[in-house]
Amino acid sequence: MKVRSAGSDRDVLCVTEEDLAGEDEDMPSFPCTQEGRAGPRCNRCQKNLSLHTSVRILYLFLTLLLVAVAVLASLVFRKVDSLSEDISLAQSIYNKKLVSMQENLQGLDPKALINCSFCREAEQLGQEIRKVQEELEGLQKMLLAQEVQLDQTSQTHELLSTRSSQISQEMGSCSFSIHQVNQSLGLFLAQVRGWQATTAGMDITLKDLTQECYDVKAAVHQINFTVGQTAEWIHGIQRKTDEETLTLQKIVTDWQNYTRLFGGLRTTSAKTGEIVKTIQTTLGASSQRISQNSESMHDLVLQVMGLQLQLDNISSFLDDHEENMHDLQYHTRYAQNRTVERFESLEGRMASHEIEIGTIFTNINATDNHVHSMLKYLDDVRLSCTLGFHTHAEELYYLNKSVSLMLGTTDLLRERFSLLSARLDFNVRNLSMIMEEMKAVDTHHGEILRNVTVIRGVPGPPGPRGLKGDTGVKGPVGSRGPKGDPGNLGPPGPQGPQGQPGEPGPVGERGPAGPRGFPGLKGSKGSFGTGGPRGQPGPKGDVGPLGPEGPPGSPGPSGPQGKPGISGKTGSPGQRGATGPKGEPGIQGPPGLPGPPGPPGNQSPY
């Protein structure tokens, strides 16, 4: 199997770049990948490649063997047909010649058989004819033996054809099983690709979650920084307020001191009524100082009012920060809950993926065992095929030997046939000459018997054997006979030499699409698959119908105090009012300091 995966699934699946380009006949070859990079081929891929090459070589060897057996069978049958035709022609020719000889012998006059030389020649002819008949019987026996051998060769050819058909059926079943294995591998590859896509999606979601965690941490860090800044700012404002309160306390203590002084002045006003006139000059300065102090007090009151407004703004700003902090805490808690839920769902998915990966490993081990069993079965088939090929080779060797023996015997038969045909031609010529001589002698004897009027008595005993006469003079060449009947068709000639290869023809047009094949057999029912992972949450449902109106709720709590408005711009100074009436005389001031001594007076004349 071409099986591999990336990362932790290194030894799970090995996949090729060309898929599948040709997965209909051969098993796919996939390059192993390790962590997204192409790695070396695994041992299983090499075994699969060697198995494919061996199966292809076995297919080629089977086709060549079938072609060779068919060619040899055709050659053997052609030679046997030619031999049978030659033998049938020879038998027909011999039969015709024997029939013609018998007719000629029957046409002879029985009275002419008195001649001893003719009797001897007839006996010799009979002996030769018997020899020819014996040779023909031997030929018939040889033909019967050859027919038996031909029957044996036909039986062996039938055995070879049946075995080749069995081998082709076994190879077809092997190819069908390999095709089924390839289909199962394709389905398994599709499942593994889906698992890889899911793992990639999980990686992307984990990256998104980590990025969200980093963003939340950065937001919390920024919030902490802003809270620290606001705390420092509040601390500075508190310092300023402490300083202002200290100044106010100082002013209050001064005011109390002044009131005490004024009380002492009131108590001492009765006592110092005498010196009020002396210190009226200092009252103007003191009144001016009092007016200045009142103005400074008014300014201090204005500053205190501004500080109070600033404190109100700061308090509203702190309230806003508290609300923002509450919102951030709520969002962080919500994000934490969401992250916890996502991590729990991811843990569930990881557990389901671990279960699926375990099932994948079990399926891979099962397929590995199945492939090993298939390899063992293919090895057994290869051994049986090699044994069958060896037996077929031995049978073909013996067939070649028998064919060579048959060819030798056919050559001997042809030579004997040529010799017998020559001897028959010679004997037929001699017989024709003897028959002509016998006809001439018969005519001569007839004429003599007609001329003789003396009645012969009983024939006496035969006389002694005379001397052998001299060979007669060769008679004249006879006239040319009529044209004979057309003979039977001769045997087909030998196959001529193979011609030179012709030029390649033009590329033909693409033929029409073939008819759709028959539907394949229904596969066996698969085992129960493992439970699928938990599905994603469905889309949000439609808005339901409005429910009945509920009872009026209880009044809610009062809302927080609103933010103070922005302080307006200081208005332009108003017009100076009219001078008011003269006020009541103020409190008598304290006695002034004693003045410097005056100049010496003039001495009166008195």
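Note that Cβ sites are derived from N, Cα and C of the backbone, with glycine treated the same way.
What Swiss-Prot records for 497-516 is compositional bias 'Low complexity'.
Taken from Swiss-Prot, the feature compositional bias 'Gly residues' applies to 526-535.
The compositional bias 'Pro residues' feature in Swiss-Prot is assigned to 548-558 (among others).
What Swiss-Prot records for 591-606 (among others) is compositional bias 'Pro residues'.
Summarising model confidence by region, the domain 'Collagen-like 2' (559-601) averages a pLDDT of 66. Per Swiss-Prot, the feature domain 'Collagen-like 2' maps to 559-601.
Annotated N-linked glycosylation site per Swiss-Prot: Asn115 (among others), in sequence order.
Residues annotated as N-linked glycosylation site in Swiss-Prot, with sequence analysis given as evidence: Asn182 (among others).
Every protein chain shown contributes to the tally, and the Cβ of Asn224 (N-linked glycosylation site) ends up with 10 other Cβ atoms within 10 Å. In the three-state DSSP reading, Asn224 (N-linked glycosylation site) counts as helix. The annotation N-linked glycosylation site is assigned in Swiss-Prot to Asn224 (among others) on the grounds of sequence analysis.
Marked as N-linked glycosylation site by Swiss-Prot on the basis of sequence analysis: Asn257 (among others). Around the Cβ of Asn257 (N-linked glycosylation site), 10 further Cβ atoms fall within 10 Å across all displayed protein chains.
Look at Swiss-Prot and you will find Asn313 (among others) tagged as N-linked glycosylation site. Around the Cβ of Asn313 (N-linked glycosylation site), 15 further Cβ atoms fall within 10 Å across all displayed protein chains.
Marked as N-linked glycosylation site by Swiss-Prot: Asn337 (among others). Residues within less than 8 Å, Cβ to Cβ, of Asn337 (N-linked glycosylation site) and separated from it by at least 6 positions along the same chain comprise none. Classification of Asn337 (N-linked glycosylation site) by DSSP places it within a helix.
According to Swiss-Prot, the feature N-linked glycosylation site maps to Asn365 (among others), an assignment based on sequence analysis. Reduced to three states, the DSSP call for Asn365 (N-linked glycosylation site) is helix.
Long-range neighbours of Asn400 (N-linked glycosylation site) (same chain, six or more residues apart, CB within less than 8 Å of its CB): none. Residues or ranges marked as N-linked glycosylation site in Swiss-Prot (evidence: sequence analysis): Asn400 (among others).
Every protein chain shown contributes to the tally, and the Cβ of Asn430 (N-linked glycosylation site) ends up with 13 other Cβ atoms within 10 Å. Residues or ranges marked as N-linked glycosylation site in Swiss-Prot: Asn430 (among others).
What Swiss-Prot lists as N-linked glycosylation site is Asn451 (among others), and the listing cites sequence analysis. Counting every protein chain shown, the Cβ of Asn451 (N-linked glycosylation site) has 7 other Cβ atoms within 10 Å. DSSP gives Asn451 (N-linked glycosylation site) a helix state.
Residues or ranges marked as region 'Disordered' by Swiss-Prot: 455-606.
One residue stands out among the glycosylation sites Asn182, Asn365 for having the most other Cβ atoms within 10 Å of its Cβ: Asn182. Non-local neighbours of the transmembrane segment (57-77) in the same chain are 153, 157, 160-161, 164, 167-168, 171, 382, 385, 389, 392, 396, 399, 403; each lies 6+ residues outside the stretch with a CB under 8 Å from one of its CB atoms. Asn257 (N-linked glycosylation site) carries a helical DSSP state (H, G or I). Ranking the glycosylation sites Asn257, Asn313, Asn365, Asn430 by the distance of their Cα atoms from the Cα of Asn182 (N-linked glycosylation site) places Asn365 first. Taking the C-alpha positions, the distance from Asn224 (N-linked glycosylation site) to Asn430 (N-linked glycosylation site) comes to 144 Å. The two recorded residues Asn451 (N-linked glycosylation site) and Asn313 (N-linked glycosylation site) have their Cα atoms spaced 188 Å from each other.
Take the Cα of Asn313 (N-linked glycosylation site) and measure to each of the glycosylation sites Asn257, Asn365, Asn430: the nearest one is Asn257. Cα-Cα distance from Asn430 (N-linked glycosylation site) to Asn365 (N-linked glycosylation site): 94 Å (rounded to the nearest whole number).
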